[in-house]
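Student: Just lifted these from Swiss-Prot, have a look:
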type	residues	note
ACT_SITE	D90	active site, proton acceptor
ACT_SITE	D270	active site, nucleophile
BINDING	D90, S91, G92, G93, F94, D144, Q193, G220	substrate binding site
BINDING	C308, C310, C313, H339	Zn(2+) binding site
REGION	251-257	region 'RNA binding'
REGION	275-279	region 'RNA binding'
Amino acid sequence: MLNFKLLNTDGNARRGQLTVNHGVIETPIFMPVGTYGSVKAMSPLELKEIDAQIILGNTFHLWLRPGNDIVAKFGGLHEFMGWDKPILTDSGGFQVFSLGEMRKITEEGVHFSSPINGDKLFLSPEVSMQIQRVLNSDIVMQFDECTPYEIDGRPATADEAAKSMRMSLRWAKRSIDEFNREENPNALFGIVQGGMFEHLRDESLAGLEDINFHGVAIGGLSVGEPKEDMLRVLQHVGPRLPANKPHYLMGVGTPEDLVQGVANGIDMFDCVMPTRNARNGWLFTRFGDIKIKNARYKDDKKPLDASCGCYACRNFSRAYLHHLHRTGEILGARLNTIHNLHYYLDLMREMREAISEGRFQLFVKQFHADRARGA
């Protein structure tokens, strides 16, 4: 089940409301990544406290560990991980793409060796839909082939990107057929592929519109291409996505990427960047980024960001966070993660308000000025 209501627009930016089986999601929204059914360093309670409305789980990794049989005993991923709000699961396509030499792609699906124990495994549109049915995620992604930016050390040609994209379209049809056969009560999104080629992206989108998914995602970006190529494709595809459906930009990215995405009609984002960077001591703030391990912070009494209302900024100094990071204390990773995710989710809230009030362009201008100021 999925209902998408468009509440306001400001240029191409959209303010909406997405209703799925486990609740209502205010868009545009950022989805923290919980690869193994856990957002690293965060409890479900802490996620709710920073206003996370939906999280992402990883079909491929959850299939390998703990396995579908375990999750099935709990009635799905929500019950298994103790999270009662919406969940989106990716299809496993990107993870299989990331295996490189360990996998073989055929029309039927992908044969690969488990990165855990070397077992021979097979993932196809049908298998991906079956796994996601057991996970009972609110939003299911079609199984696709993520077109690589580079093949054999050079950018993929139009012919290579076309071949990959057309197979993803055939897999899209098989995905929705299996989704319907299983009478899955949740929502299914299609994925626009086509590499760096606008005409292939158009062909992919047209094919997905014929299949009629509940929502549509842009895949195959942030896979090693130059930033200008990513923006070119985003600016071409984003405004062409169907107005009555939610738009999801997969695996992207920096705060600047989120603002650029919203400006081009994107409603949903996910990325490991705020959580992974937090564990590495890279913190995002309204006024630029902070690398907390730098010695300049060892006696800095200021909070990370005086304008931030997160638990870390309300209670601790940069000096203390520097100390925790240098000593490898687990609390450091936790506080850093709370801060980064709070910053990302607060940025989305500010964009929702700006779109509702018809001042999104002013917001973008102020956002860039603040970020350039330096923390």
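Numbers here mean position along the shown chain, with the first residue as 1.
Yeah, the Cβs are placed from backbone N, Cα and C, and that goes for glycine too.
Can you walk me through where each of these features ends up in the structure?
Tutor: For D90 (active site, proton acceptor), the Cβ neighbour count at a 10 Å cut-off comes to 31, with all displayed protein chains included.
Secondary structure from DSSP puts D270 (active site, nucleophile) in a beta strand. Within 10 Å of the C-beta of D270 (active site, nucleophile) we count 23 further C-beta atoms, all protein chains included.
Classification of G92 (substrate binding site) by DSSP places it in coil, neither helical nor stranded. A simple way to gauge crowding: the CB of G92 (substrate binding site) has 25 other CB atoms within 10 angstroms, across all the protein chains here.
Secondary structure at C313 (Zn(2+) binding site), taken from DSSP and collapsed to helix, strand or coil, is helix. There are 24 other Cβ atoms within 10 Å of the Cβ belonging to C313 (Zn(2+) binding site).
Along the region 'RNA binding' (251-257), the predicted structure has mean pLDDT 97.
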Student: Given the recorded positions D270, C308, C310, C313, H339, state which is nearest to S91 (substrate binding site) when distance is taken between Cα atoms.
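Tutor: Out of the listed candidates, the nearest Cα belongs to D270.
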Student: Short question: which residues 6 or more past the ends of the region 'RNA binding' (275-279) have a Cβ under 8 Å from it?
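Tutor: The answer is 32-33, 39-42, 333, 336-337, 339-341.
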Student: On a C-alpha basis, identify the one among D90, G92, F94, G220, C308 that is nearest to D270 (active site, nucleophile); the candidates are the recorded positions.
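Tutor: Minimum Cα distance from D270 (active site, nucleophile) across D90, G92, F94, G220, C308 lands on D90.
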Student: Can you give me the residues near the recorded Zn(2+) site, meaning same chain, not C308, C310, C313, H339 themselves, Cβ no more than 8 Å from the center of the site's Cβ atoms?
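Tutor: Near the Zn(2+) site, beyond C308, C310, C313, H339, sit T285, P303, L304, D305, G309, Y311, A312, R314, I338, H342, Y343.
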Student: Would you list, in sequence order, the residues of this chain other than D90, S91, G92, G93, F94, D144, Q193, G220 that have their CB within 8 A of the centroid of the site's CB atoms, where the site is the one recorded for substrate?
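Tutor: Here the non-site neighbours turn out to be F97, M141, Q142, F143, E145, C146, S168, I191, G219, M250.
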Student: Tell me, how many other CB atoms lie within 10 A of the CB of S91 (substrate binding site), whichever protein chain they belong to?
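Tutor: S91 (substrate binding site): 29 neighbouring Cβ atoms within 10 Å.
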